[in-house]
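**Q** Below, the features straight out of Swiss-Prot:
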DOMAIN    55-84  domain '4Fe-4S ferredoxin-type 1'
BINDING   C64, C67, C70, C114  [4Fe-4S] cluster 1 binding site
BINDING   C74, C104, C107, C110  [4Fe-4S] cluster 2 binding site
DOMAIN    95-124  domain '4Fe-4S ferredoxin-type 2'
Amino acid sequence: MFPMVTEFMNYGQQTVRAARYIGQGFMITLSHANRLPVTIQYPYEKLITSERFRGRIHFEFDKCIACEVCVRVCPIDLPVVDWKLETDIRKKRLLNYSIDFGICIFCGNCVEYCPTNCLSMTEEYELSTYDRHELNYNQIALGRVPMSIIDDYTIRTILNLPEIKT
């Protein structure tokens with residue numbers, strides 16, 4: 001055939017293919033227009049954390065037997081456990097327990113392997129400070145129960161549900 005006609009046919013096919021690609025991209029854009037916004041207004045809106053969320057560690061001083069299992073299973077040997085051996089009753093008495101959350105990787109091994117369940121993970125994740133030394137929590141700071149975001153009336157909570165694809 002004539003070279004000019006074949007070039008014109010190729011040009012027409014390329015134009016149709018380009019229009020199809022543009023149409024596909026436009027359809028994807030339109031399908032995203034119906035979705036809810038992903039952005040939340042953080043200080044005033046907060047997501048409800050999942051059930052297995054690993055936040056700040058909560059420590060119950062009365063349950064601890066100073067066995068130091070938490071120190072042995074920690075990948076970075078983080079918890080500092082100070083204890084004294086009571087010779088009359090032949091048991092360890094816990095003096096001090098502290099965790100530096102500036103170093104903690106929140107792996108949860110200490111919580112999982114604690115034989116007396118004196119450690120637990122909370123839903124608290126706002127640990128930022130201006131001074132890194134404030135992240136070193138002793139047993140008193142670790143023993144404070146965080147306020148649930150559901151109970152705070154100034155904050156609108158948003159349930160974080162996974163999308164169900166249909």
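Even glycines carry a Cβ here, placed using N, Cα and C.
Can you tell me where each of these features sits in this structure?
**A** For the domain '4Fe-4S ferredoxin-type 1' (55-84), the residues of the chain that approach it from at least six positions outside its boundaries are 49, 91-101, 103-107, 109-125, 127, 137, 139, 142-143, 145-146, judged by C-beta separation under 8 angstroms.
Remark: C114 ([4Fe-4S] cluster 1 binding site) has V69, C70 as non-local neighbours, by Cβ distance under 8 Å and separation of at least 6 in sequence.
Around the Cβ of C110 ([4Fe-4S] cluster 2 binding site), a 10 Å sphere holds 22 further Cβ atoms from the protein chains shown.
Among residues of the same chain six or more beyond the domain '4Fe-4S ferredoxin-type 2' (95-124), those with a C-beta under 8 A of the stretch's C-beta atoms are 49, 53-65, 67, 69-70, 73-76, 78-84, 132, 135-139, 142, 145-146, 148-149.
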**Q** On a C-alpha basis, identify the one among C74, C104, C107, C110 that is nearest to C64 ([4Fe-4S] cluster 1 binding site); the candidates are the binding-site residues.
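**A** Among C74, C104, C107, C110, C110.
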**Q** Which number gives the other C-beta atoms within 10 angstroms of the C-beta of C67 ([4Fe-4S] cluster 1 binding site), all protein chains shown included?
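**A** Around the Cβ of C67 ([4Fe-4S] cluster 1 binding site), 17 other Cβ atoms lie within 10 Å.
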**Q** Relative to the Cβ position of C107 ([4Fe-4S] cluster 2 binding site), how many further Cβ atoms are located within 10 Å?
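**A** Taking all protein chains shown, C107 ([4Fe-4S] cluster 2 binding site) has 14 Cβ neighbours within 10 Å.
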**Q** Please list residues from the chain of C74 ([4Fe-4S] cluster 2 binding site) whose Cβ is under 8 angstroms from its Cβ, counting only those at least six apart in sequence.
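**A** Those within reach of C74 ([4Fe-4S] cluster 2 binding site), by Cβ under 8 Å and sequence separation of 6 or more, are C107, N109, C110.
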**Q** Let's check the environment of C70 ([4Fe-4S] cluster 1 binding site): how many other CB atoms sit within 10 Å of its CB?
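**A** Counting Cβ neighbours of C70 ([4Fe-4S] cluster 1 binding site) within 10 Å gives 25.
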